[in-house]
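To start, the structure itself, in structure tokens.
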Amino acid sequence: MNDRELGCAGGQFMDRGRMNQNGVVQPLLTDLYQITMAYAYWKSDKTDDTAVFDLFFRNNPFHGEFTIFAGLEECLKFLDSFHYSQSDIEYLKQTLPEGIEHEFFEYLGNLTARDVTLYAIDEGTVAFPRVPIIKIEGPLIIVQLLETTLLTLVNYASLMATNAARYRMVAGKHVKLLEFGLRRAQGPDGGLSASKYSYTGGFDGTSNVLAGKLFNIPVKGTHAHAYITSFSSIGELKTRLIKHKQTGILEDLLEHAVRHRALLSHLLDVSTEESSEGELAAMVSYAIAFPDGFMALVDTYDVKRSGLLNFSAVALALNDLGYHALGIRIDSGDLAYLSCLARETFEKVAERFKVPWFNKLTIVASNDINEDTILSLNEQGHKIDCFGIGTHLVTCQRQPALGCVYKLVEINGQPRIKLSQDVEKVTMPGNKNAYRLYSADGHALIDLLQKVSEPPPAVGQKVLCRHPFQESKRAYVIPSHVESLYKVYWKSGKICQQLPTLEQVREKVQISLKTLRNDHKRTLNPTPYKVAVSDNLYNFIHDLWLQNAPIGELS
């Protein structure tokens, strides 16, 4: 096929400014054995061999039945920049075993990914075990050298996007989700990747300022407990004045807040003497700094007896001067109970002081939240509008790695298979195409792998789908729609598709998830999604298996 037939006409070169967002991703970000294998291939005169590798995973993460594919754009950036610098070559000369021929280093210095072709499913698409999410064709040595880096770029990205998508599903579409995990992430790059791919998976924003700049993700945040505890009395307020939003006249915000606090103490049955004066001072100070964006942490001392009283007083004071507060954050305690208490408080204030917008104040909850926490809060009838989630999200608490693998399936047109006593680790040989078959109601029924030489399944035509390793498991499927999963994304040194924005990938995730039946997505005991092979590929796999499996001998 030529470039035009592959959709590569004209190509798309990677923006070099975008390419260098992470300078760590380079050819030396690999395992040593990739380079020693490359030398052995070179010594064996295999530089002209053409290979096909499949990048796939064997099991879905988090005890679920789907995975979100992410990281493709980063893989394309890596291919675009793939080149060993002179300093790389000098380092390898010092590091590799003695006796490596000088010509090999010259060979490495001239390597690029120009002769590589990369096929992939669209980033943001739901993917399933054994179906390759990336397929790489090209010179054996080059595609071997790509292995570790591609796995690094796909494994965490897909795991993170999947984790975020699961949080989105349990939280519901009307609750905001914010990623607060930078300080708990596995290093700076882990923090950036977590912010990027949590947004991909369905989160609404991040606290990570650099991620906001690099990826155009909405940046959100309030303040820490330290801000509240840095004040101990109202006497510490250096300024109390703020301009009225409409008139521009300077007014004493503290004076308004103190007056409202006295009235609120009767309404809420809370003594002003029990509430923290330092907390009130801190909230007044913060409100003066951000009168249109006032959101306060209310659990520094006592949510009921201090935080809600002081917040409501300052919010009403801002209202006197033409401003509307945004809401509160609760970072400890019984989140279900406290959120209900806060909502009840706001409703009382709205009615008593004739401020209907108080009913719409946002309640943000944080504090080591995970999937199970949200499910429990849902059962308790919480009133939380937004979750700030950090540690368990970015560290993927329930499963720290996805386990993608990169396996040789064909060389010089000849299929290759890896055998194992563990059937799960037997590879599916040969160059393959993948199709997703849909029912009449638009739900995905099954993913089907075929040899590239086979014609694609046809709409309305019966297709025999077989389990790749269990002979008795087979079924006829009559698809109402057939989707070819692979597109050529890289060929002849060019990107062959218009790359989507992060926002478009994020939308793709939700669209793709909607194609799955609810029983595939449920948290408890989800129904496994079926992945099958064609009858032709089934016979091909098992014939090759028998050809390569040693025959035992008993005596």
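Note: Cβ is positioned from N, Cα and C throughout, glycine not excepted.
According to Swiss-Prot, the feature nicotinate binding site maps to Tyr33, Phe180, Thr222, an assignment based on similarity to another entry. The local packing around Thr222 (nicotinate binding site), expressed as other Cβ atoms within 10 Å of its Cβ over all shown chains, amounts to 21.
Annotation source Swiss-Prot lists phosphohistidine at His225. According to DSSP, His225 (phosphohistidine) is assigned to a helical segment.
Under DSSP, Thr391 (5-phospho-alpha-D-ribose 1-diphosphate binding site) is assigned to a helix (H, G or I) in the three-state scheme. The 5-phospho-alpha-D-ribose 1-diphosphate binding site feature in Swiss-Prot is assigned to Thr391; the stated evidence is similarity to another entry.
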In sequence order, the recorded positions (Tyr33, Phe180, Thr222, His225) whose C-alpha falls within 10 A of Thr391 (5-phospho-alpha-D-ribose 1-diphosphate binding site): Phe180
His225 (phosphohistidine) and Tyr33 (nicotinate binding site), distance between Cα atoms, whole Å: 49
Phe180 (nicotinate binding site) and His225 (phosphohistidine), distance between Cα atoms, whole Å: 15
Secondary-structure category, per DSSP, in which Tyr33 (nicotinate binding site) falls: helix
Neighbouring C-beta atoms (10 Å sphere around the C-beta of Tyr33 (nicotinate binding site)): 12
Neighbouring C-beta atoms (10 Å sphere around the C-beta of Phe180 (nicotinate binding site)): 24
